[in-house]
């Protein structure tokens, strides 16, 4: 079936609906939803019962890049910096050195067991060298898997920040395949340029975005998430334009924003969570449509061999070497090794050789596709089992609250207080966002002229308002009072 203007909406909505319904029940059988999304796309494709012919790697790559923007940005917004700060070094080493070692180890193995050249082998290794943010975020969060100490922040930090490294390695190896006269210093310079500019741009755009979000006055609450989407794409494209890594930039930007006080933060977080799921479904459906299952069959043997080596040798070796200088129990290292999920990102990266037109592009794409499927099937279905087996899972009764609610329920609130705002208070005519209340104090309601006002970050405090607050302890109340009494103290 060919996609036309008349049927694209019907087909797309039906695939989306089926994906959601099937995904709702999938975990009862221990099957990751991402695999089902991919399977639905394959069934709807030209080799499946749907008969939809989709053979446009350029469009698939575009959809992949847009989807990864939302997935990485949403993951960054949900990242608690306090949680990742203690393991920041470990996460960064895993996302750089770990990715490089995985690519080098797997590339060398591919060189020995196939007729690939050394550059083609390293290209394949680079494409599948990073853990997939979409797979890790969705599987860990949909399973509500609670892990001891800082394991989960480590895994999410690694998966959210290691795609840029794999992206740079993929481009570098692809350049060497196309033009073997490329010099090593040129590749090294490109790496540092991408990472340094990406990091600087991400932090700079994060600070700029916070100022814009909190100072601009939009007439409708629903426009603020739209504003953040625009800022996200500006961050990615501007960073890419100057030669930096756009994926790294948007992740850093999102982590910064997610840990700041923002107007309508609740709306922004929930909207991005929903769009991230939509993008995951669209991305996996698209990649499922792009692949021709009949073309994968000849490569299943070599694909399985490479996949097993990646899961059992390359990934564990890279993790153990990367973390050898850090104090960490061996069972935690083994679990980090096991959560080396490959998903949509390697398949998206595998479209670059297709568009470049290199000789073994189709073979690389099909092998990468098979590796991603086997990785999610084998590792994704056994995360809970391995967590219990290695004794790194928390008991059910001590599981933490959902990430999306941490800005409201960061700690259990123990008291509710009402505070009257006098006419000479510092807070009068100030927006709530500008008061900089501690995270341990949350305004749940404002009493104004015998009516109740539902507060938001842009709500302006008026004289004689009564603030209804949830507080952790007496220290939180004292800090709030100090903020409100600045004028009187001065």
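A Cβ is built for glycine as well, from the same backbone N, Cα and C atoms used for every other residue.
TrEMBL tags one of the stretches 218-236, 389-407, 408-426, 427-445 as transmembrane segment, and that stretch is 218-236. Given the ranges 338-358, 464-484, the record in TrEMBL names 338-358 as transmembrane segment. Highlighted: of the candidate stretches 271-293, 299-326, 364-386, 299-326 has the greatest count of Cβ pairs under 8 Å to the transmembrane segment (91-112).
Of the two recorded stretches, the transmembrane segment (338-358) lies close to the transmembrane segment (271-293), with three or more CB pairs under 8 Å once pairs fewer than 6 apart in sequence are set aside. Between the transmembrane segment (271-293) and the listed ranges 6-22, 60-79, 218-236, 364-386, the one holding the most Cβ pairs under 8 Å is 60-79.
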